[in-house]
Amino acid sequence: MDMQSRIRQLFQASIDTKQQAMDVLAPHIEQASQVMVNALLNEGKMLSCGNGGSAGDAQHFSSELLNRFERERPSLPAIALTTDSSTITSIANDYSYNEVFSKQIRALGQPGDVLLAISTSGNSANIIQAIQAAHDREMIVVALTGRDGGGMASLLLPEDVEIRVPANVTARIQEVHLLAIHCLCDLIDSQLFGSEE
């Protein structure tokens, strides 16, 4: 297969995965946006975490809320727990990498805040501990997962929301995660500030 054929194949795989995910995920994304808007209207904030590409997604979500998405609007309170290398390496060195997010959540999280927890497998130990810490702090969890939801899915409470991408390929799951994040940002803006039609 030549390179351009491979590129077309990858584009088509991404399109197919998004098409399959659209109807499955729409109600979950809607519910997650409502949970987030309710938190923001009640003086809550968004915390987000993930590893690797999912850390990038956590930061992307946080920056869209803090700065802007596609319209001018006031900044919204959001903290990506993936950005402070001194804190992360300190916790990893003194305790364990599994606690790099949970310790931050125990310090920063308040009842009514929302944790956006991102893992393509749903099995990242530090994300699982982050969810447990969020529940201890009476936070609501929005989980972006893939495959079978992993250990994260079994930890979620009735008030939590799982957005599970119906795919098994990490790259395809990540692509849908980013689209879901953009949908969340759009829905948050429209619910808080009105539609821009």
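Heads up, the Cβ atoms here are built off N, Cα and C, so glycines get one too.
Features of the protein shown, as given by Swiss-Prot:
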- 36-197: domain 'SIS' (DOMAIN)
- ASN51, GLY52, GLY53, GLU64, ASN93, ASP94, SER119, THR120, SER121, SER124, GLN174: substrate binding site (BINDING)
- HIS60, GLU64, GLN174, HIS182: Zn(2+) binding site (BINDING)
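Here the features listed in Swiss-Prot are painted onto the structure.
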residue	record	Cβ contacts under 8 Å, 6 or more apart
ASN51	substrate binding site	SER119, SER124, ASN126, ILE127
GLY53	substrate binding site	THR120, THR170, GLN174
HIS60	Zn(2+) binding site	LEU178, ILE181
GLU64	Zn(2+) binding site	ILE181, HIS182, CYS185
ASN93	substrate binding site	none
SER121	substrate binding site	THR145, GLY146, ARG147, GLY150, THR170
Least Cβ-crowded entry, counting other Cβ within 10 Å, from the binding-site residues listed as SER119, GLN174: GLN174
Mean of pLDDT values spanning the domain 'SIS' (36-197): 98
Cβ packing number for HIS182 (Zn(2+) binding site), 10 Å threshold: 15
Helix, strand or coil at GLN174 (substrate binding site) [DSSP, three-state]: helix
DSSP state at HIS182 (Zn(2+) binding site), helix/strand/coil: helix
